[in-house]
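Here is what Swiss-Prot records for this protein:
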DOMAIN    1-114  domain 'MTTase N-terminal'
BINDING   CYS10, CYS46, CYS78  [4Fe-4S] cluster 1 binding site
DOMAIN    152-383  domain 'Radical SAM core'
BINDING   CYS166, CYS170, CYS173  [4Fe-4S] cluster 2 binding site
DOMAIN    386-455  domain 'TRAM'
Amino acid sequence: MKYHIVTLGCPKNAVDSEGMDGLLSTQGHQAVASAEEADVIIVNTCSFIAAARAETLGVLKELAGRKRPGQRLIAAGCMAQSHPHEVAGVQGVDATLGTQQWTQINALVGQLERPVIPLTPGQPVATIPLTTTTNGQPTSYADWRTTQIRRTHQTPSAYLKISDGCNLRCAFCTIPSFKGDMRSKPVGAVLAEAQELVAGGVREIVLVAQHLTDYGRDLGLKDGLATLLAELCQVTPPETWIRLMYAYPHGISERLITTMASYPQICHYLDMPLQHAHPATLRRMRRPPDTDRTLRIIAELRAAMPDIAIRSTFIVGYPGETTAEFHALLEFLQTAQLDRVGAFRYSREPGTPAAELPDQVRPQVIERRWHELMRLQQTISYTRNQRWVGRTIKVLIEGNGTADDGSALSIGRSFRDAPEIDGQVFVWGNYPAGTMIPVQVTQATAYDLWGEALS
């Protein structure tokens, strides 16, 4: 059968989509570039916040409305797990597959290969029984091998998911309710996948998880992430980039910092979601409230790696956030001088403890605070980027284009920029995608750098 996969949401979803892609291809099914060509369309759904669920339902309805006779539509992943009845209720969805069932995609497609009988309104869709995650008991990580995964990349960067699920129970977050507790991928499986990616031409491996710094706890590892990184650096070439995303601060140990500083492969970059900086707000979030400790960690990271780029995300307008608490967040940003920051407007998620908190902040106030925070951070990011003007930085080229005057221009990223969420480096001239070149920075904006390649 011909299949087409649509991926919504985060990089962790992209990894699962690649896993389904690999499993299907090993059974002789053929990937096609568009939904119109496919016999089976698979939508890997997102359930992060209400806006993501609305987008998921919109995509499902649009694809269902364009289905031709005999074409099948599968809703897989997070929203299929968290809101199964809502997803299955979309007329035209033929089957659902939860977050811990995606390795059974071939079994489900096999069910759908039977002669087509049009579904009548209200008729149950096909499904693989969902794994129960409400009991909080971790199950083993989905056992998929690198040989099953076909990694076809438009860029020389690949995500590698080292665990799934999360042991934290932040008051605003629904993820554990449909992902379950953390399940770490064994070290050997991570190493094998990394080697497979490098052999396929990948130059940058981005490690992702719901909670990266908790990696290996369920495997009995102490400082599991540091252990994994040291072993990864033994099996990857020195010029490979290894980037860390979603590293919660209370899991950042002295050993991890030392490991990051010791190997050339590990990017001096850390994505460290903080969510807020006022102790009272953090307590309501059910997160560690020690902001002073966070500042000490930032100082230790910069002492070990003076050029490190630190990224974080914050939530504005969390229930009960007073003017004083918001101003404390702004003061923290002034003190921390983070290189990259993203901010979410608080989204009230049904079923979370935060949704029941008193003193919900008015949408107009949330919007005003979001803009104020982002204006402040833009000035900080601009100042941080200006420090690179006149310096040389290695750039991973990802594509080519032309400037307004028609001059050739190459587009890439430095170690300071994660794929899709951070800035870019624009280099005069035409250089092949996948190459790493030294660039002298000549200009900087708040988000991007410009420069000349050095011969």
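Every residue gets a Cβ built from N, Cα and C, even glycine.
Most Cβ neighbours within 10 Å, among the binding-site residues CYS78, CYS173: CYS78 holds that distinction in the structure as shown. Averaged across the domain 'MTTase N-terminal' (1-114), pLDDT for the predicted model comes to 88.
In this structure, the CA atom of CYS78 ([4Fe-4S] cluster 1 binding site) is 14 Å away from the CA atom of CYS166 ([4Fe-4S] cluster 2 binding site). Counting only same-chain residues at least 6 apart in sequence, those with a Cβ under 8 Å from the Cβ of CYS10 ([4Fe-4S] cluster 1 binding site) are CYS46, PHE48, VAL208.
Taking the centre of the Cβ atoms of CYS166, CYS170, CYS173 as the [4Fe-4S] cluster 2 site, the nearby residues of that chain (Cβ within 8 Å, site residues left out) are LEU168, ARG169, PHE172, THR174, ILE175, PRO176, GLN210.
A simple way to gauge crowding: the CB of CYS46 ([4Fe-4S] cluster 1 binding site) has 21 other CB atoms within 10 angstroms, across all the protein chains here. Long-range C-beta contacts of CYS166 ([4Fe-4S] cluster 2 binding site), restricted to its own chain and to partners at least six residues apart, with a cutoff below 8 Å, comprise CYS173, ILE175, PRO176, LYS179, ASP181, MET182, GLN210, HIS211, ASP214. Cβ proximity to the [4Fe-4S] cluster 1 site centre (mean Cβ of CYS10, CYS46, CYS78, cutoff 8 Å) flags the following additional same-chain residues: LEU8, GLY9, LYS12, ASN13, ASN44, THR45, SER47, PHE48, ALA52, GLY77, MET79. Taking Cβ-Cβ distances under 8 Å and a sequence separation of 6 or more, the neighbours of CYS170 ([4Fe-4S] cluster 2 binding site) in its chain are GLN275, MET285, ARG286, ARG287.
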